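Participant: I'd like to ask you about the structure that follows.
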Amino acid sequence: MVRNKINNNINIITNNDDNLSIPRVLPSNIQAEQMLLGAIITNNELLSYVSEFLRNEHFFEPIHQKIYDAIEKIIEKGLIATPITLRSMLTQDALFQEIEGVEYLAKLITMSMMVINPIDYGKIIYDLAIKRNLINIGEEVVNNAYNASLAVAAKEQIEHAEAKLYDLAREGLNEKSFTQVGISIAESLASINKAMKNNDHVIGISTGLLDLDNKLFGFHNSDLIILAGRPSMGKTAFAINLALNTCNNMRLKNIRDNQEIKSVGFFSLEMSSEQLTTRLLSLCAEIDSTSLRTGMLSEEKYNRLRKEANTLSELQFFIDDTPALSISAIRTRARRMKRKHNLGILFIDYLQLIRGVSKSENRVNEISEITQGLKAIAKELNIPVIALSQLSRAVELREDKKPMLSDLRESGTIEQDADIVMFIYREEYYLTRKEPAAGDAKHAEWLDKLNKVYNIADIIIAKHRNGPVGNISLYYDSQFSKFGNLEKRTFNSILNT
């Protein structure tokens, strides 16, 4: 009688060859579920071995989901899950009453006598649940494709499907348990030994800028780095310089260590790929962007441009200029790039142009979702993520224009989620807009101040979770949007560092 009460869920699948509807039973193993539950009721300690990966929704039978959930709750209360305690918890449940629950629990215990390794049964149940989820995703993809409005692009649906499949593939893989401290110490010692052998002590990805590396020790895997600044400070230009430097430095290191070459990903949500590439060419060939756009080039400059273009073309540098991407789309594309091109570092220009997944009217909540998503990408893909950010207009209302953490737009969540927060600030930009009249007595004083900050960009490290904060100064050539070490004798071509 009890067995007849257990349901079999059936899917109707259409055969494309003859248009016949063929009923197919969803994959499950009722007996494995019964034997595992019986074994846990008999020996509650077994729950600890399967609860790390097995949840109640992984069971196919609804009554088995209820029994497993009840077992977990009883044990969490410090009690023993027995037929008696389970009965007291489930006695009011309609399904438990329908299948004559007390008799059914006795049957489960009887069946458990044949169990040799309960963990194997748990893995069977888990694997079948994943297959059912895969079927559900497939049905959802088909239904969405049939029912989607013209406003929903096919590419967006593909990314949604890919994200669902990727999440399903990783289900259970990220559920880490405790690590014995000896293992963690061994990993730490390995990192320390590696750093000791490195003469410049840059243990992350080198930025190519000496003073910045001395502060940050390079960009580190799983870190979220926020680079913020007011308009015209040069944050996009700085990001392009960093992307180019890290791309070249990763390549050299990978070749030296005989490893697969890592790539740079650059999400340009504001600037087109062509505009970004023009900046790269201007930077490397040292030809101003205006000359490149107008085509007013001498033969010598054009030959130099072709040479740098050929060098750039060989780099593992990838640009995505799709506007208004959602955080889920960025995650999906970054995952894809990790699989296909061994993504080593990711740049995003800029944070406020990313759409959240949930439709929140509260921008602070949406930014929180985005920054948490970016940090999750950094951890999941084990790469540094550098996201550019705007600053509030409050900076312009102060006499001292140097930015502070409180100037970050929707600052609370950005500051909280970031491992490093850097500001770019150029005093030269503000001074040039305050030039006194030529004959004015203050003009000489103004000129002296301007000379001290000419071609200098300050990088203010306002937050550094694992290191010192402070300011550094960099050389900045606005004509070519080029950053380098402050002492010009150490300022070489980006591609030749």
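Just so you know, glycine gets a Cβ as well, placed from its N, Cα and C.
What Swiss-Prot shows for this protein is this:
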- 198-490: domain 'SF4 helicase' (DOMAIN)
- G229, R230, P231, S232, M233, G234, K235, T236: ATP binding site (BINDING)
Participant: Under 8 Å between C-beta atoms and at least six apart in sequence, can you list the same-chain neighbours of M233 (ATP binding site), or say none if there are none?
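Facilitator: In sequence order, the residues whose Cβ lies under 8 Å from that of M233 (ATP binding site) (at least 6 apart) are I424, Y425, R426, Y429, A457.
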Participant: Over the domain 'SF4 helicase' (198-490), what does the predicted model average in pLDDT?
Facilitator: 86
Participant: For the binding-site residues listed here (G229, P231, G234), tell me which residue's CB has the most neighbouring CB atoms inside 10 Å.
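Facilitator: Top count of Cβ atoms within 10 Å goes to G229.
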Participant: Which residues in the same chain, at least 6 apart in sequence, have a Cβ under 8 Å from the Cβ of S232 (ATP binding site)?
Facilitator: Y429
Participant: Give the sequence-ordered list of residues that share a chain with R230 (ATP binding site), lie 6 or more positions from it, and have CB atoms under 8 Å from its CB.
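Facilitator: Listed in sequence order: Q390, L391, V395, E396, K401, P403.
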Participant: How many other Cβ atoms sit within 10 Å of the Cβ of T236 (ATP binding site)?
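Facilitator: For T236 (ATP binding site), the 10 Å Cβ neighbour count is 23.
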